[in-house]
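S.K.: The following feature annotations were taken from TrEMBL:
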TRANSMEM  44-63  transmembrane segment
TRANSMEM  84-104  transmembrane segment
TRANSMEM  135-154  transmembrane segment
TRANSMEM  174-193  transmembrane segment
TRANSMEM  200-225  transmembrane segment
TRANSMEM  245-265  transmembrane segment
REGION    275-305  region 'Disordered'
COMPBIAS  296-305  compositional bias 'Basic and acidic residues'
Amino acid sequence: MNNIEPADNPAVALPFTNRQKSDTPAPKTLPAAHHLSPRTRNEVVAFLGEFVGTFLFLFFAFAGTQVANMVSVLNLNMKPDISILLYISLSFGFSLTVNVWVFFRISGGLFNPAVSLGLALIGAIGFLRMTVAIIAQILGAIAAAALVSGLFPGPLLVRTTLSVAPKTSVVRGLFIEMFCTALLIFTIFMLAAEKHKGTFLAPVGIGLCLFVCELAAVLFTGGSLNPARSFGPDVVVGKFASTHWIYWLGPFLGAVVSVLFYRFIKMLEYETANPGADATRPNSPNRGLPSRRGVNGREDAGERV
């Protein structure tokens, strides 16, 4: 005979346990947090989320890159190898997917100064939050590169430089970084900033986008798409290439391009071009009028009647 009592709330009760107690103590909070204003506390949480999230994202991405490049060095194979490039691309794509999903509800899971700039320009975050996030991202990138350098044997092999064979010019490298970053940021706009029924799956699409961009760019520029990603290893190594600036200008230009296109399609009320994309039922009376809100909380075209 089963003597286990049914739980008051089966959705949150652990299986094979007795009734949950209603007098469960509330989670503990830091005493010092009560002395901070809500805005200050939120910025502190965002800083910690972006620092730890960027650190974890880049640590595992750098670790994968270090492994791939070290194998190439040990095999005396200094020529580009498709398996090495694929390994690096997967390391970045998978690491971003996991960590964005983990930190999405804490700080948004930005991990990239160019992404922070883009979201600020469309009004998804304020410029104070952008500044806080960028500082945290740069510090997180430096910490990740330092730990990989100290943890793994051999020299740090995760810097981004323009390829020598085939030779990539500065102009080409700049535009490769710009276009790839533009795709990444526009993906974030449409999957995460624009709220819809598939928003909870945004980390998957964002990670896949980075993976695709890495496949295209990693051979020629190292596939940075992220100023912090390039800055961190150069700080740890203590060496900055003469072309280091393209890893800042390229991604920031990509952010501007994605913002301009996003604003353009918003002005055209893109929601009306493919009505019913977010309908919950095929024959829903709201089909053709998808209910969702833009990044500023205002009603989109689909909510107007």
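Cβ atoms are placed via backbone N, Cα and C, with glycine included.
Predicted automatically and left uncurated, TrEMBL annotations should be read as such.
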S.K.: Below 8 angstroms Cβ to Cβ, which residues of this chain, lying six or more residues outside the transmembrane segment (174-193), approach it?
M.R.: 104, 108, 112, 114-115, 118-119, 122, 124, 168, 199, 201-202, 205-206, 209-210, 212-213, 216-217, 220-221, 223-226, 246-247, 249-251, 253-255, 257-259, 261-262, 295
S.K.: Between the transmembrane segment (135-154) and the transmembrane segment (245-265), are there three or more C-beta pairs closer than 8 Å, counting only pairs 6 or more apart along the chain?
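M.R.: These two segments do not touch.
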